[in-house]
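Straight from TrEMBL, the features:
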- 48-181: domain 'AB hydrolase-1' (DOMAIN)
- 142: active site, nucleophile (ACT_SITE)
- 317: active site, charge relay system (ACT_SITE)
- 348: active site, charge relay system (ACT_SITE)
């Protein structure tokens with residue numbers, strides 16, 4: 001990485017906090033890490049644990065790259081929460097397994113399904129063991145919401161281990177294709193199965209891994225003009241555009257943490273969801289029959305999710321529609337509250353990079369958490 005690149009640990013230290021690591025081993029052998037933020041000043045009370053879960057091609061750096069007055073991880077720490085940041089399998093920090101090397105295609109044979117079934121429960125269990133708590137709060141963004149839905153529907157016993165869940169820009173429903181204005185996005189979603197097969201045939205199983213050259217170029221071209229405008233055009237075509245809500249001066253630094261790698265199959269699974277709905281991975285009729293005893297993959301049983309949930313979405317989010325959020329609200333018994341961010345231009349990435357999150361997102365999030373979780377200082 002470039003010499004001035006700050007990883008999660010150094011980003012935390014830059015703001016005056018300490019950190020500690022906790023190893024996590026999943027039931028299928030992946031070796032992950034949790035980063036715990038230690039408060040700047042002594043805290044005598046019991047700090048309730050909370051985990052903040054990043055999205056696709058992202059890392060725990062998502063939650064700590066902007067500073068202690070804007071990043072949710074630091075704000076929750078100051079409020080008295082015990083903040084834990086996982087790095088999930090396949091990202092830059094999640095490339096270890098007990099027996100399989102990342103150079104082996106078998107390492108990449110997973111989607112968000114396995115992350116939800118294995119990674120998230122394993123992280124929860126480690127946090128509860130380390131803290132002695134009986135429940136943990138959960139905040140997820142984008143894929144961080146998807147894996148929560150997978151866990152809570154397929155391993156419903158974990159609903160009892162969740163004190164409250166705030167799901168930002170939830171992704172778990174068929175895409176409203178009539179709302180797609182960018183033709184490239186439409187083609188990418190509808191033709192990804194062909195792309196997946198082509199890349200797999202070429203021996204490519206990881207998508208958009210972090211490299212020093214990529215970090216350098218993203219930082220360079222998303223910082224200076226006129227290249228920054230092209231960078232924002234590209235990002236906006238997939239996630240929605242709200243340039244007035246970005247810190248243009250530091251955006252190159254912030255966005256250089258993305259992409260940070262993912263399995264190709266995870267992206268393929270999302271393309272399937274956007275096309276056909278929130279179903280398990282579609283291997284094709286023959287393999288589906290072997291795995292599911294059905295030629296079509298089953299839908300995730302969202303009706304099993306009972307943990308108390310708040311859904312938050314932006315009106316200008318190209319990956320999360322109001323229609324999709326309404327579907328989740330109607331299907332999931334645990335949904336207690338749905339909030340449309342009070343900014344009609346709010347996008348998918350604004351939840352982690354928007355300059356107005358202190359006013360438009362965090363008050364709702366903090367109220368929902370503190371109504372259900374006691375903090376004794």
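Glycine is no exception: its Cβ is also placed from the backbone N, Cα and C atoms.
Here residue 142 (active site, nucleophile) is positioned 11 angstrom away from residue 317 (active site, charge relay system), judged by their C-alpha atoms. For the pair formed by residue 142 (active site, nucleophile) and residue 348 (active site, charge relay system), distance between Cα atoms is given as 8 Å, rounded to the nearest Å.
There are 26 other CB atoms within 10 A of the CB of residue 317 (active site, charge relay system), with all protein chains counted. Around the Cβ of residue 142 (active site, nucleophile), the number of neighbouring Cβ atoms within 10 Å comes to 28. A 10 Å cutoff on Cβ-Cβ distances gives residue 348 (active site, charge relay system) a total of 26 other Cβ atoms nearby, all chains included.
For the recorded site, residue 142 (active site, nucleophile), the DSSP three-state label reads coil.
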